[in-house]
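Trainee: Feature annotation from Swiss-Prot assigns compositional bias 'Polar residues' to 277-306. Annotation comment: Swiss-Prot describes 2 as N-acetylserine, evidence class sequence analysis. Feature annotation from Swiss-Prot assigns region 'Laminin-binding' to 161-180, 205-229, 242-306. The region 'Disordered' feature in Swiss-Prot is assigned to 261-306.
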């Protein structure tokens, strides 16, 4: 299906991704219409899918999606939890219309209900789980693409992509590969450079695991804050701004500061001040005069008593 072009050939890094995600591992049961996509059977009864056929069908499905002029006319569906996140990511990347979760019967056939749609192409994750949209698509002549495992029924499926549609990593990787090929064929991204979007964003994550990771992150953050608080608490109790307040509250008597000359030869200049102090004996005479007068008065009284 690649036409012998080197550009469309499967790269080694793509094969490694397929093997790491377990895309080549099928089930223990085999549908007679899926025999053409089987490479070998393991000793434990698990069938191995031929990844070359997987890549060819992936390119064919991408060509069918690109052929639709309006991307919103492509409807991607996944009723299983493992493919809901991948379907939403694929829809945001390619512009398709997603239906994640339960498919309302009559969406393609009942024109009265509000959820009625008329897509031009239908892509499902599991033909067995998504049998209702496949059946309704056959009523209104909508071509269908499906990710099929070794035991998947191919009734009403036009393009079957053989892969492991049970594993969360395999389903996410297949939707990531399909989105990348669609964008490459549209010319949105180049084949020479790798796509910046990682396949991990298409993988299903268990809500319990997400909650555990959030709790672990919260506990780590609290312990880090407590550790930092033990060292920073004394600094917070005695800020530098409070030292100025203590100095303002204490009343310090104002004492004039005596300025001393810096050079010693200028010390004799203080002699005039000494002369000023010596000029005060005039006032001392006044003090000495008063006691003498009082003494004479007291002596006078004593003479009278005698």
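First residue shown is number 1, and so on along the chain.
Each Cβ is built from the backbone N, Cα and C atoms, and glycine gets one as well.
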Trainee: Can you tell me which parts of the same chain pack against the region 'Laminin-binding' (161-180), counting only residues 6+ beyond its ends and a CB-CB cutoff under 8 A?
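Mentor: Cβ under 8 Å, 6 or more out: 14, 17-18, 20-27, 34, 37, 49-50, 53-54, 57-58, 61-62, 65, 82-83, 85-87, 89-90, 93-94, 123, 125-126, 145-150, 152, 189, 195, 197, 199-204.
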Trainee: Summarise the region 'Laminin-binding' (205-229) by DSSP state, stating how many residues are helix, strand and coil.
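Mentor: Split into helix, strand and coil, the region 'Laminin-binding' (205-229) gives 23 helix, 0 strand, 2 coil.
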Trainee: Across the region 'Laminin-binding' (161-180), what are the DSSP residue counts per state (helix, strand, coil)?
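Mentor: Its residues fall into 13 helix, 2 strand, 5 coil.
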